[in-house]
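K.L.:
If you scroll down you'll find the structure; I have some questions about it.
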Amino acid sequence: MRLLRLRTMSPAAFLLSTSHSSLLLRNPHSDSFFSPVSNRLHFHARFPNILSSTACRTASLRSFASLATSDKIKVRNPIVEMDGDEMARVIWNMIKDKLIFPYLDLDIKYFDLGILNRDDTDDKVTIESAEATLKYNVAVKCATITPDEGRVKEFKLKKMWRSPNGTIRNILNGTVFREPIICRNIPRIVPGWKLPICIGRHGFGDVYRATEMIVEGPGKLKMVFVPADGIEPVELSVYDYKGPGIALAMYNVDQSIRAFAESSMAMAYKKRWPLYLSTKNTILKTYDGRFKDIFQEVYEQNWKVKFEEQSIWYEHRLIDDMVAYAVKSEGGYVWACKNYDGDVQSDFVAQGFGSLGLMTSVLLASDGKTLEAEAAHGTVTRHYRVYQKGQETSTNSIASIFAWTRGLEHRGKLDKHDELLDFVQKLESTCVETVESGKMTKDLAIIAHGPKVSRDFYLSTEEFIDAVSENLNKKLQLAAV
């Protein structure tokens, strides 16, 4: 399993350095060194065949990467790349090889967020990748495994590491915005949805950074806050246990909630769509009530006049009422959700529009200029098991392609790079047009043609990416005439 993990990392040239007594990975498309991964001797002991074959491949790969560099679009500033796991990693590397590196001259700051490397580095690589994102303002991320008990046993992990997405969200202190990619020939499960629904998910705190425990037997649970200024602590009684149970404590902060409100309102204003915030403040009067109050305050102070000029509005709704409204609405609004609600509702909206494979996902940090784009789906484990056996797969790569395009789009906007923005627009439109021409992966073919779809109606994983590549080349050649 561990050797296979490296075999699926392409483009794969690893240059070894003993600098700082660690192994550094270098991307063949860039001269930048990246995150320390593990001790050199430890690496050699685990992968003896990798080192012997690396040196002979490196020169040719770097030479290939430099061919026709003058014809590529030079991306002016670095982009952070976070690699992932399983089938998502496989398609991620296909996308780089066929749709990104042939056209763009990139300085990539590479971080391997595969589950084994997170385990090897005690998850420090995840923190390093997020810190690099704050430095360079743009990151693209492949889907990653969040380990449960089964995964801990499968990979022999040191511990059950936290969700890398959750860690990154907390460091960037941002809002995750997810929006469907609409293809005219892919029917919607919720037929009344005529316009996209953009889900804004608060990316900080709540259950994703909660502290939890098992209560072994009878006793009292209390919550204590100790003020930093030394005044008397605040102590609240939570529950008097009569037997075993569980407990959880979670938190949020005004600064992050305020940034969530600002980014949600900025997104609604940009799209000229109304904005809804959903909470359960009737039950969590203090906790959810704080979200409601801060949103209203930010709206009144900074956005009310602007919204009224655009004939749009902001409104708070109870979460159950909002879900009911969403099902019967036509779409065309931004829905601001707390962290857990956004996790759930973004998948609900994606499926309602047709597929999780047709969903963009970007994390906008509280500084307003740092963005991380990722695929909205998981690592596609079931397909990966098939791939490991050498059998054909038909995995939808569109969300991963759009992770690259949305990251590159943000880089282009920050750098005021029109040529890069034009390329991004062409790649995105090519993806949609390829599907609308009838060329698609099996998941979309089932939606379009029914569950008993024959092999003639869909492409394999690589065939679809090749089709997009072919159509993109045609589009770029026409534009050059």
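Any Cβ shown, glycine's included, is placed from N, Cα and C.
Straight out of TrEMBL:
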DOMAIN    78-468  domain 'Isopropylmalate dehydrogenase-like'
BINDING   THR144, ILE145, THR146, ARG151, LYS328, GLY378, THR379, VAL380, THR381, ARG382, HIS383, ASN396  NADP(+) binding site
BINDING   THR146, SER163, PRO164, ASN165, GLY166, THR167, ILE168, ARG169, ARG178, ARG201  D-threo-isocitrate binding site
SITE      TYR208  site 'Critical for catalysis'
SITE      LYS280  site 'Critical for catalysis'
BINDING   ASP320, ASP343  Mn(2+) binding site
K.L.:
If one looks at the chain holding THR144 (NADP(+) binding site), which residues at least 6 apart in sequence have a CB under 8 angstroms from its CB?
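P.N.:
Expected: MET82, GLY84, ASP85, ALA88, LEU113, GLY114, ILE115, ARG118, PRO164, ASN165, THR379.
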K.L.:
Nearest to THR146 (NADP(+) binding site) by Cα distance: which of the recorded positions GLY166, ARG178, TYR208, LYS280 is it?
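P.N.:
That would be GLY166, the closest of GLY166, ARG178, TYR208, LYS280 to THR146 (NADP(+) binding site).
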K.L.:
Using a 10 Å radius around each Cβ and all protein chains in view, which of these recorded positions has the most neighbours: ARG178, LYS280, LYS328, HIS383?
P.N.:
ARG178
K.L.:
Within 10 Å of GLY166 (D-threo-isocitrate binding site) (Cα-Cα), which of the recorded positions TYR208, LYS280, THR381?
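P.N.:
For GLY166 (D-threo-isocitrate binding site), the recorded positions whose Cα atoms are within 10 Å come to TYR208.
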K.L.:
Per DSSP, TYR208 (site 'Critical for catalysis') is which: helix, strand or coil?
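P.N.:
Its secondary structure by DSSP: helix.
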K.L.:
Sequence order is fine: just name those binding-site residues in ARG178, ASP320, HIS383 with a Cα within 10 angstroms of LYS280 (site 'Critical for catalysis').
P.N.:
ASP320
K.L.:
In whole Å, note down how far the CA of LYS328 (NADP(+) binding site) lies from the CA of ARG178 (D-threo-isocitrate binding site).
P.N.:
20
K.L.:
Count, for each of the binding-site residues ASP320, ASP343, the other C-beta atoms lying within 10 angstroms of its own C-beta, and report the residue with the smallest count.
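P.N.:
Ranked by other Cβ atoms within 10 Å, the binding-site residues ASP320, ASP343 bottom out at ASP320.
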K.L.:
How big is the gap, in Å, between the Cα of HIS383 (NADP(+) binding site) and that of ASP343 (Mn(2+) binding site), rounded to a whole number?
P.N.:
23
K.L.:
Over all shown protein chains, what is the count of other CB atoms within 10 A of the CB belonging to THR146 (NADP(+) binding site)?
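P.N.:
Within a 10 Å radius of the Cβ of THR146 (NADP(+) binding site) lie 17 other Cβ atoms.
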